[in-house]
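Peer 1: Annotations per Swiss-Prot:
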type	residues	note
ACT_SITE	Ser194	active site, charge relay system
ACT_SITE	Asp343	active site, charge relay system
ACT_SITE	His376	active site, charge relay system
DISULFID	Cys110-Cys281	disulfide bond
DISULFID	Cys359-Cys404	disulfide bond
CARBOHYD	Asn229	N-linked glycosylation site
SIGNAL	1-14	signal peptide
Amino acid sequence: MLYLILFLIAPIYAGLIFPTKPSSDPFYNPPKGFENAAVGDILQSRATPKSITGGFTPLKIQNSWQLLVRSEDSFGNPNVIVTTVIEPVNADPSKIASYQVFEDAAKADCAPSYALQFGSDLTTFVTQAEMYLMAPLLDQGYYVVSPDYEGPKSTFTIGKQSGQAVLNSIRAALKSGKITNIKDDAKVVMWGYSGGSLASGWAAALQPSYAPELGGNLLGAALGGFVTNITATAQATDGTVFAGIVANALGGVANEYPEFKSILQSDTDKKSVFDEFDGHCLIDGVLNYIGTSFLTGDHKIFKTGWDILKNPKIGKVVEDNGLVYQKQLVPKIPVFIYHGSIDQIVPIVDTKKTYQNWCDAGISSLEFAEDASNGHLTEAIMGAPAALTWIIDRFDGKQTVSGCQHIQRFSNLEYPNIPSSIANYFKAAMDVVLHLGLGPDVQKDQVSPEGIKKLGSIEMRWL
């Protein structure tokens, strides 16, 4: 099916002048003296070189821009990120949705600022598909801001880099009025699923100390398939059809921590392994590593296996980038978590631990909507209506829960007061997924190797 679709759309792409990839685009390079700018400053800007994509046709919006923003890495070293600002038709300049995509790759040319452009590489399908989640935000009249939160080194799974980038992107958006017409006192809600929840969650947790001035702008954060322990996700997916997530994660960590890379490289006979880890976007990474065991079993790539975590340097990297371990970092803004009980990719146990950590620390408003009937893949769709309802309520000024509330429902489609138009929009997407024949039980993340090869077609059907 995927090959047939690619054949059919090839003539469309043949006539395109493709957007320049970040690795070859000088716009992504920091200007001289950039380190003297304050974090969140706009260093340069431009209209997106190509239209924002709605799949294989440009999205109907009012305008879109890219901002080059001063940020910093995990160690406080100055760097730059690009953030994409999308203005819908009939936009409300007082409302911003900061949407963090699940890029999940250690390759610069997978960045959302590139992937969201019409004509971007087919390996960025997954990010293009997330426009299905962003579109309802635009329909509400919200500006959508989507940062390249992994930064110039593509540091997938790295917490501080990601969270700081999200906050600096928001700072820049609030300063962009002369370019975008966004008000400097605009209200902001953050949203992310899976890898995007990692970035959004770290942003929410870091905000009180890193960007306290945003406290008056931020209305809350919605975190779905919430990643708080990168090791747990690696253990859940290693050796499975989703093992490519482990490869991409190892590449992302290695991009930020050279010593991490050196230690693991010395633990394998496959000396080119890290050269491959940063060569894939999410979908082609998953396809390339189906069933590969990196740290598990008798035929693992890294000889020490999971005992590598006993190395103090490796253990510290893992702990420093797991939000579940950062008990001192507690959001001051309202937070909404939604997660599937039977998630086999991001096990819910560490999400529950993080929820409890924040509750024990006295968080003012934390709502946890647990979905009993969906795993990671399908909760991205079935949980979205609840997240959107919560986001709309924040912009409408409705009351949040007081303290902590954890409710398990059979499905998060049962969340109160979901608009019927939003529910039907996502039910249609779910019907498409369930009829693709991805495996024994896609709602439980049970996907076959053959099913993985069909995943590329999901984006085609959605968009």
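A Cβ is built for glycine as well, from the same backbone N, Cα and C atoms used for every other residue.
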Peer 1: Out of Cys110, Cys281, Cys359, Cys404, give me whichever of these disulfide-bonded residues has the highest number of other Cβ atoms within 10 Å.
Peer 2: Cys110
Peer 1: In angstrom units, rounded to an integer, how far apart are the Cα atoms of Cys281 (disulfide bond) and Ser194 (active site, charge relay system)?
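Peer 2: Cα-Cα distance, Cys281 (disulfide bond) to Ser194 (active site, charge relay system): 15 Å.
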Peer 1: Using only C-alpha positions, which one of Ser194, Asp343, His376 is spatially nearest the residue listed as 'N-linked glycosylation site'? These are the active-site residues in the record.
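Peer 2: Nearest by Cα distance to the residue listed as 'N-linked glycosylation site': Ser194.
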Peer 1: Quick one: give me the count of other CB atoms within 10 A of the CB of Ser194 (active site, charge relay system).
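Peer 2: Step by step: centre on the Cβ of Ser194 (active site, charge relay system), count other Cβ atoms within 10 Å, giving 27.
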Peer 1: Secondary structure at Cys404 (disulfide bond) (DSSP, helix/strand/coil)?
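Peer 2: It is in a strand.
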Peer 1: Cα-Cα separation of Cys110 (disulfide bond) and Ser194 (active site, charge relay system), in Å?
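Peer 2: Their Cα atoms are separated by 16 Å.
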Peer 1: Please give me the CB contact count at 10 A for His376 (active site, charge relay system), counting all chains in the structure.
Peer 2: 26
Peer 1: Rounded to a whole angstrom, what is the C-alpha distance between Asp343 (active site, charge relay system) and Ser194 (active site, charge relay system)?
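Peer 2: The separation of the Cα atoms works out to 11 Å.
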Peer 1: Could you measure between Cys404 (disulfide bond) and His376 (active site, charge relay system) for me? Cα positions, answer in whole angstrom.
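Peer 2: Counting only the Cα atoms, the answer is 23 Å.
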Peer 1: Between the Cα atoms of His376 (active site, charge relay system) and Cys359 (disulfide bond), find the distance and write it as a whole number of Å.
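Peer 2: Between the alpha carbons of His376 (active site, charge relay system) and Cys359 (disulfide bond) there are 24 Å.
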Peer 1: I'd like the Cβ neighbour count for the residue listed as 'N-linked glycosylation site', meaning other Cβ atoms within 10 Å of its Cβ, all protein chains included.
Peer 2: 23
Peer 1: CB neighbours of Asp343 (active site, charge relay system) within 10 A?
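Peer 2: Result for Asp343 (active site, charge relay system): 25 other Cβ atoms within 10 Å.
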Peer 1: In which DSSP state, out of helix, strand and coil, do we find His376 (active site, charge relay system)?
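Peer 2: Going by the DSSP assignment, His376 (active site, charge relay system) falls within a helical segment, counted as helix.
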